[in-house]
Amino acid sequence: MLKILKNAFLFLIFGFVYAPILILVVYSFNAGDNGFFFQGFSLKWYKEVFASQKIRTVIYNTLLVAIISSLISIVIGVLGAYSIYKTKNKKIKNILLSINKIPIINPDIVTGISLMTFYSLIKIQLGFTTMLMSHIIFSTPYIIIIILPKLYSLPENIINAARDLGASESQIFKNIIYPEIIGSVVTGGLIAFTLSVDDFLISFFTTGQGFNNLSILINSLTKKGIKPIINVISSILFFVILGLLFIINKCVGIKKLTVDTEI
C-alpha cells in the first residue's frame, strides 16, 4: 500500500511538472485562432512561423546569441573557477565567491537597468553586441558555481604526483583536471544556453531597435492576445533544448553529467 501511495505521489509530481509542457505542445497544433480552445489538429501555425521572415530572423538572433554567449561563458567560467580553486588565501577566495554570487542573486530588472545605464554611459549602441555581453555576464557565474564543487572533489594526491613527475600546470590542467570536470563544463554550458534563450528582462533593457530575441517577440505577441503561434514558438524552444540535451547525453553520457555535478 505504501509503495502504491509513493508511486502515485511521484506520478502527481511529474504530472504537475510536465503536463503544462504537454498541453503547450498539443495546443501548438491547434487549427483554431484562439490559444485557449482546441479546435482540431493542424500544421497551419507551424507553416506560418517558418514562412515568416521576421520570426525566422528572431529565432536566428536568439540561437546566435545563446551559442556565442554560452561558448564564451564556458571559457571564462572554467578559467574563473580554476583561478578561485587555486587561490590559497581564504579571505580573497571568500571575496571572489561572494562577488560571483552577486549576479546570481541580483534581480534581473536591477541587472538589466544597470547594464543599460552602463552601456549608455560608455557610448555603446544598444543591439547585438550589448545583448551578447549581457548574456555572458549573467551566465558565467552559473558555470563557475557548477564547476567549483567538482574541482574541490579532485584527489590532490594525483595532482601532486603529477607535479613530482615534472608535469607543468598547463599539462596538469589539460591531462588531469579538464577530463575530470568535462561533465560539469557541459552542464554549465547547457544551463548558460538555456538561460540565454529564456531571458527576457535583461535582454529587453540591453537591446536596441531592430534586434530582438524570442522572449521579447513572445512578450510583444501576448499583448495582442494568446494565439497558437505563441505555443508554436514556445514548443520549438522546448524541442531545441530537448534535442540539445539528447545530443549532449549521447556525446558525454548521462552518467558523466550527473556524477560530475554532484556536490
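Any Cβ shown, glycine's included, is placed from N, Cα and C.
Taken from TrEMBL, the feature domain 'ABC transmembrane type-1' covers 59-248. What TrEMBL records for 7-29, 58-84, 104-122, 128-148, 181-205, 225-248 is transmembrane segment.
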**Complete:** When counting C-beta pairs under 8 angstroms to the transmembrane segment (58-84), the leading stretch of 7-29, 104-122, 128-148, 181-205 is 128-148
**Prompt:** So, does the transmembrane segment (225-248) come close enough to the transmembrane segment (7-29) to give 3+ Cβ pairs below 8 Å, pairs being at least 6 apart in sequence?
**Reply:** yes
**Request:** Compare 104-122, 128-148, 181-205 by their Cβ pairs under 8 Å to the transmembrane segment (225-248) and return the stretch that comes out on top.
**Result:** 181-205
**Asked** Any residues 6+ beyond the ends of the transmembrane segment (104-122) with a Cβ under 8 Å from its own?
**Response** 130, 133-134, 137-138, 141-142, 145, 199, 201-206
**Request:** With a Cβ cut-off under 8 Å, give me the same-chain residues at least six positions beyond the ends of the transmembrane segment (181-205) that come close to it.
**Result:** 62-63, 65-67, 69-71, 73-74, 77-78, 108-109, 111-113, 115-116, 131, 134-135, 138-140, 142-143, 146-147, 149-151, 213-216, 219, 237, 240-241, 244-245, 248, 252-253, 256-261
